[in-house]
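TrEMBL annotations:
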type: COMPBIAS; residues: 231-240; note: compositional bias 'Basic and acidic residues'
type: DOMAIN; residues: 250-377; note: domain 'Palmitoyltransferase DHHC'
type: REGION; residues: 210-252; note: region 'Disordered'
type: TRANSMEM; residues: 82-99; note: transmembrane segment
type: TRANSMEM; residues: 105-124; note: transmembrane segment
type: TRANSMEM; residues: 133-151; note: transmembrane segment
type: TRANSMEM; residues: 163-180; note: transmembrane segment
type: TRANSMEM; residues: 294-314; note: transmembrane segment
type: TRANSMEM; residues: 334-361; note: transmembrane segment
Amino acid sequence: MKPVKKTKAEEPELEPLCCCEYIDRNGEKNHVAACLCDCQDLDEGCDRWITCKSVQPETCEKIMDTISDRLRIPWLRGAKKVNISILPPLFLLPVFLRVASWHFLLGVVVLTSLPVLALWYYYLTHRRKEQTLFFLSLGLFSLGYMYYVFLQEVVPKGRVGPTRLALLTCGLLLILYALYRAKKNPGYLRNPAHNDRALSGSQVECLNRKGPEKPKGFPSADLSGGLNNRAPKDETKDSPRTSAGSPAKGKDDWCAKCQLVRPARAWHCRICGICVRRMDHHCVCCVGESNHQAFILALLVFLLTSVYGITLTLDTICTDRSVFTALFYCPGVYANYSSALCFTCVWYSVIITGSMAYIFLIQLINISYNVTEREVQQALRQKTGRRLLCGLIVDTGQYNRGFLRNWHQFSTLGAHPFHHPAEDIV
């Protein structure tokens, strides 16, 4: 008789969720109607607030975690979680800009405080190694709101023709397309020992029922991965390591978080929780080998479109002055609310455009010297780079092959994702 093959016991299928049900952070089934029910942390915080007692920071963090977990919208096969970080720009940006258009002094205060608050939130989230959609939401909503004000307040004045409006609209669409390309896979390194595909949000919630075990090498595997977590060199030689797409050569680094050997210039992103090929930096997305070109294109198109929109607006509300003069001296602009709102939005756009121009300049310099922003920061800490122009240029000298060859290498990034020349092996 033929031996009977043993089959693995099939796991019981999970019960399908209705549109208003979801799996909470504790792995239990919950309902969107119970958003404020059975919340001990919120009850305790309210009691201490009513009795004029101080609320502990740990309690505030638990309350925010509970709110972010229960903020859901009904959806097919279970309610979808709404990231709370995308909501503040949708409500606060229009309010701040309209308040700033009431008076010149209010405009100075609001437009000065906005960058300060954004930088504070940036350093706060990066210090805690948290993923946030705040800056992506702020960028996209700023584009949409500036375009809305342009259509409502500038176009009806009659100085912007259909051709100029079409050019500005095309520029806006190109920005969105470039951002879509930049948000794609930056060149994640995955361990070939794990053949699992990327998990969807519903699958992750279902896995939370079974326990905290998470697959290695995925963005959700470990969001607290440090940048300097490396194994000793002796371990990389004695123990077998698995290469990610390329054989282990020279002194390739072993990533203890992703459990794989990293090729040259790859690094572990502590925000995404996964290694990225030729990682440059992390802002609204992780910028690496596969999307660095799209990121540069998005910056370039944004700068051209923003400058063009600012020029059209100033030419409309200050007709008898040049663009540069009207930016600093436009008498009578606060005489009516429409021109004041346009002038406030212009200055808001100038602040954003100036910061993006600085990032674009730094990126051009780094590409010209074939160095990433991550390598620049490491060279500054270790004092191994050559600083030029008061630190604006940092040349590590490790991968610099000349201006033309550096730009040629950048133009071919991502064409052969698994090929690395021998000169780049460290």
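FYI, residue positions are counted from 1 along the chain as it appears here.
Using N, Cα and C of the backbone, Cβ positions are placed for all residues, glycine too.
Where the transmembrane segment (334-361) meets the stretches 82-99, 105-124, 163-180, 294-314, the count of C-beta pairs under 8 angstroms peaks at 294-314. Counted over residue pairs separated by six or more positions, the transmembrane segment (82-99) shares fewer than 3 Cβ pairs under 8 angstroms with the transmembrane segment (294-314), which leaves the two as not touching. Proximity of distant same-chain residues to the transmembrane segment (133-151), defined by a Cβ-Cβ separation under 8 Å and at least 6 residues beyond the stretch ends, is recorded for 83, 85-90, 93-94, 97, 118, 121-122, 125, 168-169, 172, 175-176, 179, 283-285, 309, 312-313, 341-342, 345, 348-349, 352. Along the domain 'Palmitoyltransferase DHHC' (250-377), the predicted structure has mean pLDDT 88.
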